[in-house]
Amino acid sequence: MEGIDHLAPERSKSQFDVDEMKIVWAGSPHAFEVSDRMSRLVASDPAFRKDNRPMLGRKELFKNTMRKAAYAWKRIIELRLTEEEASMLRSFVDEPAFTDLHWGMFIPAIKGQGTEEQQKQWLPLAQKMQIIGCYAQTELGHGSNVQGLETTATFDPKTDEFVIHSPTLTSSKWWPGGLGKIATHGAVYARLLTDGRDYGVHGFIVQLRSLDDHLPLPGITIGDIGMKFGNGAYNTMDNGVLQFDHVRIPRNQMLMRVSQVTREGKYVQSSVPRQLVYGTMVYVRQTIVSDASIALSRAVCIATRYSCVRRQFGGKKGGLETQVLDYKTQQARLFPLLASAYAFRFVGEWLKWLYMDVMKRLQAGDFSTLPEAHACTAGLKSLTTSVTADGIEECRKLCGGHGYLCSSGLPELFAVYVPTCTYEGDNVVLMLQVARHLMKTIAKLGSGKRPVGTTAYMGRVELLMQYQSNVQKAEDWLKPNFVLEAFEARAARKSVDCAKNLAKFSNPEEGFLELSAELVEAAVAHCQLIVVSKFIEKLQQDIPGKGVKQQLENLCIVYALNLLRKYLGDFLSTGCINAEQASLAGEQLRSLYSQLRPNAVALVDAFNYTDHYLGSVLGRYDGNVYPKLYEEAWKDPLNDSVVPDGFQEYVRPMLKQQLRNARL
C-alpha cells in the first residue's frame, strides 16, 4: 500500500529526539545539512539509478560507471560545489569508480609527498580532472611487504631521467583501482637505484596513457585484472595490471618532498622530515574507519527495519504473529552491531582530530605522537573493517532467506565492503604492527618516561596487574568507570603476558613469530579498549536533545558488555572479573536490549539514509516490503518471456523423450 508508513507504530515508541540524534551522528549541524542535501540531490536524480546494477554485464556495468562519474563531475561544476560537498555527492552515488583512487590516493600522495613546485604543477591538473590518476603500489608478488616491491626506478645521469622497469612477472603492478582502463597518470612506487645503490621504495609520477587517443604510452603494458567477487560490487572498478619496459621519465617526476636525486645522481635528504610521508597513510586509514561505521550502519538499518516488518510464530487464535525483533535471539545478534556502528562513528571522529593534531605537530617538528598515531590508525582500521565485514554478513542472516536476494541490498553491500579487510594493509599484519608498538611501550616503562595517549593506561600497569573488579550487582556495569577499568586491566595483562613470554627468547624476532597469534590478541584487546574509551569520552560531552544521551549511554554499555561476553575467556583468565560478575554482565545486557527495543527503528532513522542510498527493498523507510519484493521479482530479465530462451532447444526434447519412454 503506497503512501502508508508501515513502521510508524515503531517510530511512535521512540523515547528520544531523533532530529538531534541525526546531528550527533553527522558530527555537527553543518555536516548534517551538507550530508542531507547531497544525499537527496543524488536520490532525486534518475541518472544515478543503481537498482539494475547486479543484472548488467561487465562491459555495460563499466560503461554505466563512466557515465555516472562524468555526470557527477558535470553536476559538481554546474552547482559550484565545495570540496566537502563534492566528496559527499560522490559517496552518495554509491558505486566504486575510477575517480575513488584519483581523489582518495593520487591527489593526497602529491599533497603529502610532492614539493611545493610539484604540487603547483600537478594538483591543478588533477583537481580539474584534466588528468586522472591512480596509486600504483601493490604488485603481483608483494602487497603488505612494501619494502619487497620489485619495480625499479634507475637514474640515468646522461639524460637526467629515471628508467622505470618491471624486471619480473611478479613486479607487475596489480590491483590499483582506476589503472585498468582509465588512469592517464599514476603515482608509481619503485625501488630507487642511483649511484650504485638501492635506496628503497620511492614515489614517482608517471604518465601511462596518451592524453590524445588514450592509448598506452610506449613501453607500457596495461589492462584490467578481471572479474571480482559479487554481481555488480567492485566490478564497476577497473582494477589494473601494469608492466613497464624501460620507461623513461624526467628526474623532476620523482616525488621529492622528503628526498631528492641531484642532477649528478646523488641521493640527498631534504630539510622536510621523512615522517611527513606517514601523514598520507594516517589520513587514508582514518577515512577507512569512518567508512566502516557507514557500511555497518547501512546493514544494521536494513536488518532492523525488516526485523520489525517480518513476523514469524507466536500468533494466538488468529492474531498477529510475533515481530522477529521481539525475539531475544534477534536482539542479541543485532543490537551489538547497532552499538558498534555508533561506536565506530565516534572513534572515527576522534581519529580525524588525531590526524589534524599529528599534522600540526609534524609541521612544527614534533614527532612524539607519530608512533601512537600510526599504531592507532593501523589497529582501528583492522578492528573496524573486520567487525563490519562480519557484521554485514550477520545482518544478511538476520534477514533470513530474503536477505540473500540482491534486492535486499545486503549481498552487494557485503561484496563491495569485504576487500577493505585487505587493502591499505592486511588486517592481521596491521594488528602485528600494533603489537610491536605495545611491546616497545612496555619495554620503556622502566625508563621513567610515562606512556601517553591511548597507551597512557600502561603507566598504571602495576595497579592494573592487581586489579579485581568491584562489580557487585548488575547495575554496577552501567557505571563507565567499572567498564573502563576492566578493559584496561585485560589489555594491560594481555600485553604484559606477551612481553614476559617474548623475554624468554634469545632472538626477539623468533619470539615475535612464535607468539604472533597471542600478540594479535593483545593488540585486539588494546584497540577494543580505545573504542570503548572514546565512546565513554563522547558521553562526557554536552549532548543536547531529549533522551539522546540516555540512548547513547545504553549503546555504549551494550558495545562494551557484548565484547566482555564475547571475549569472556580473556577477562576470566586474566583475573579482571570473576564468574559471578560475568553472569551479572549478561543480566545487564539483556536488560539493555529491552530498553533499546522500542527505540531501535528511531536509532537507525538517525543515520538519515535515503531509500536510494540504502538500495534495499527490505530496508525501505516506509516498511512496505512484501509488495515491493514481489514487484522487484518481475523486473528480472529472466521474466521478460514466459518460456525461457533455450527451452525449445534443450528441455523440450528431454521432456518428449520422457513421455515416449514412460509406461502409462
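Glycine is treated like the rest: Cβ placed from N, Cα and C.
Just so you know, TrEMBL annotations are computer predictions that nobody has curated.
What TrEMBL lists as domain 'Acyl-coenzyme A oxidase N-terminal' is 17-132. Per-residue pLDDT, averaged over the domain 'Acyl-coenzyme A oxidase N-terminal' (17-132), rounds to 95.
For 134-245, the entry in TrEMBL reads domain 'Acyl-CoA oxidase/dehydrogenase middle'.
Around Thr138 (FAD binding site), the C-beta neighbours below 8 angstroms that are at least 6 residues distant in the chain are Lys173, Trp174, Trp175, Pro176. Here TrEMBL flags Thr138, Gly177 as FAD binding site.
Taken from TrEMBL, the feature domain 'Acyl-CoA oxidase C-alpha1' covers 278-439.
The feature active site, proton acceptor is assigned by TrEMBL to Glu424.
The domain 'Acyl-CoA oxidase C-terminal' annotation in TrEMBL covers 480-656.
Sequence-distant contacts (6 or more apart, same chain, Cβ under 8 Å) of Gly177 (FAD binding site) comprise Pro96, Phe98, Asp100, Leu101, Cys134, Tyr135, Met237, Asp238, Asn239, Gly240. For Glu424 (active site, proton acceptor), the Cβ neighbour count at a 10 Å cut-off comes to 19, with all displayed protein chains included. In this chain, the domain 'Acyl-CoA oxidase C-terminal' (480-656) lies close to the domain 'Acyl-coenzyme A oxidase N-terminal' (17-132): three or more C-beta pairs between them fall below 8 angstroms, excluding pairs fewer than 6 positions apart. The helix, strand and coil residue counts that DSSP assigns across the domain 'Acyl-CoA oxidase/dehydrogenase middle' (134-245) are 10 helix, 49 strand, 53 coil.
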